[in-house]
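Data first, discussion second: the structure below is written as structure tokens.
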Amino acid sequence: MDDHGSSSREIFHRIKPYLLMVALQFGAAGTYITSMATLSHGMNRYVLIVYRNAIAALVLAPFALIFERKIRPKMTLPIFLQIILLGFLEPIIDQGFAYLGMKYTSASFTSAIMNAVPSVTFLIAVIFRLERVKIKEVRSQAKVIGTVVSFSGALLMTLYKGPVIDLFWTRNTNHQSSSSSGGDSDKHWVLGTLFILIGCVAWSCFYVLQSITVKKYPAELSLSSLICLSGALQGTTLALVVERHGSAWAVGWDSRLLAPVYAGIVSSGITYYVQGLVMKTRGPVFVTAFNPLCMVIVTILGSIMLAEKIHLGSIVGGIIIAIGLYSVVWGKSKDYSNSQLSSSLLSSSSPPLPGAKGEAEQKLPLSNIAMSNTESTVVIAVNNSEQLQTHGKPHMFQH
């Protein structure tokens, strides 16, 4: 009985990161829908950013104070500056340009373009040596091919519409969709795409920097609330400069209230916390690899709630993205399995060296970089001879 319970817990522990990331994509899809609705009703995007992050900070702060009061690390100047930068990258640049691009295009278009995040994150992680690529290994080939395939599927879904697929829940909304889509030619699609891509790059940089900061400040709730607070304060300054009419800050019992509350709790608060948990063991590429699922969900929900049409290109692109997604996640799962096996062999066969800092550095995933307090980067890698290599180079994110 005990063996069965232990086996069940082990299985749940293995699949928990996958379940968490899939759940986050459903939450993110709801954010696209509610945000598009409130922006269409005239809410200022900067005000939406402020409310969204302020609500997220207020929701997370009590939990951080209660559950992390004994484990919260000491705040240092480098960590503080990284939190300020995180609050600028995601809440300000990413959300600001994504909302602006969404106003010029649509919710489904924005979610499709945002699928460039896994590819950009993978490239940034490789440049900053947070992700190891050995092109001769099958798992590295799977990650490279998977990111390219996912991005290709997103491009296909964006550039090729094809005939409309008449589904049972869209038959009564075709007339409404036709009348609302007549103004598509008047939208600034190129400019909107450029804005969304700027947000996409900022989002990728946020993922990479967050994966570094969470290792130096391993209090996920506190870190998430501080990021949201930083974004709210910076957003307030920007909003007061851009929007000087008091009526722009007014909310009511409609989408102007639902969008910031939902986005603040789900997409900013819960998402930051769950991403931090998963990144500690799986890295930033694993997290961003699930983003293409959000596009498929937004397309379906958009057709139901926003009366958007579903085209053949969306279905074909979704299938291609799912293939690329599976390839990337498979490669990351092999990295994780090998890192667990290698660290187990090292801890069981090698006695601790005198003066060693502990076992924490030996148990890190192979695709991650651990940063020490002496401003040196310890890269843990296991090659064919299962040796440890230590490089004493200053980390480029150290201040």
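Glycine too: its Cβ is placed from the backbone N, Cα and C atoms.
Summarising the annotation, TrEMBL assigns domain 'EamA' to 20-158 (among others).
Note: the domain 'EamA' (191-329) comprises 119 helix, 1 strand, 19 coil (DSSP; helix = H, G, I, strand = E, B). The domain 'EamA' annotation in TrEMBL covers 191-329 (among others).
Here TrEMBL flags 18-40 (among others) as transmembrane segment. Tertiary proximity for the transmembrane segment (18-40) is limited to same-chain residues at least six positions away from its ends with a CB under 8 Å from its CB atoms, namely 48, 99, 102-103, 106-108, 110-111, 255-256, 258-260, 262-263, 266-267, 270-271, 274-275, 277-278, 286-287, 290-291, 293-294, 297-298, 301-302, 305-306, 329.
Taking Cβ pairs closer than 8 Å, the transmembrane segment (46-67) reaches residues 35, 38-39, 87, 91-92, 95-96, 99, 219, 221-222, 224-226, 228-229, 231-232, 235-236, 238-239, 242-243, 248-249, 251, 259-261, 263-265, 267-269, 272-273 in its own chain, all 6 or more past its ends. The transmembrane segment annotation in TrEMBL covers 46-67 (among others).
Taken from TrEMBL, the feature transmembrane segment covers 79-100 (among others).
Taken from TrEMBL, the feature transmembrane segment covers 112-130 (among others).
Feature annotation from TrEMBL assigns transmembrane segment to 142-160 (among others). Non-local neighbours of the transmembrane segment (142-160) in the same chain are 109, 112-113, 115-116, 118-119, 122, 133, 135, 285, 289, 292, 295, 299, 313-314, 316-332, 334; each lies 6+ residues outside the stretch with a CB under 8 Å from one of its CB atoms.
Per TrEMBL, transmembrane segment is recorded for 189-209 (among others). Among residues of the same chain six or more beyond the transmembrane segment (189-209), those with a C-beta under 8 A of the stretch's C-beta atoms are 82, 85-86, 89-90, 93-98, 100-105, 109-110, 113-114, 116-117, 120-121, 124-125, 128, 130, 275, 279, 284, 287-288, 397.
Summarising the annotation, TrEMBL assigns transmembrane segment to 221-242 (among others).
Beyond the transmembrane segment (257-274), the same-chain residues lying 6 or more positions past its ends with a Cβ under 8 Å from any Cβ of the stretch are 20-21, 23-24, 27-28, 30-31, 34-35, 37-38, 43, 48, 51-57, 59-60, 91, 210, 220-221, 223-225, 227-228, 231, 251. Sequence annotations record features per position, and here TrEMBL assigns transmembrane segment to 257-274 (among others).
Within the chain carrying the transmembrane segment (286-306), a Cβ under 8 angstroms from the stretch's Cβ atoms is held by residues 17, 21-22, 24-26, 28-30, 32-33, 36-37, 106-108, 111-112, 114-115, 117-118, 121-122, 146-147, 150, 153-154, 157, 167, 169-170, 173, 204, 207, 275, 278-279, 314, 318, 321-322, 324-325, 328-329, 332, 336, all 6 or more beyond its ends. Sequence annotations record features per position, and here TrEMBL assigns transmembrane segment to 286-306 (among others).
Marked as transmembrane segment by TrEMBL: 312-331 (among others). Panel annotation: around the transmembrane segment (312-331), residues 18, 108, 112, 115, 118, 139-143, 145-165, 285-286, 289-290, 292-293, 295-296, 299 of the same chain, lying at least six beyond its termini, place a Cβ under 8 Å from a Cβ of the stretch.
Sequence-distant contacts of the transmembrane segment (221-242) (same chain, at least 6 residues past either end, Cβ-Cβ under 8 Å): 44, 46-47, 49-50, 53-54, 56-57, 60-61, 63-64, 67-68, 72, 83-84, 86-88, 90-92, 95-96, 210, 213-214, 264, 268-269, 272-273, 276. Residue counts for the domain 'EamA' (20-158) under DSSP (helix as H, G, I; strand as E, B; rest coil) come to 114 helix, 0 strand, 25 coil. Counting same-chain residues at least six beyond the ends of the transmembrane segment (79-100), those with a Cβ under 8 angstroms from any Cβ of the stretch are 35, 39, 45-46, 48-49, 52-53, 73, 110, 114, 192, 195-196, 198-200, 202-203, 205-206, 209-210, 212-213, 216-217, 223, 226-235, 238, 268, 397, 399.
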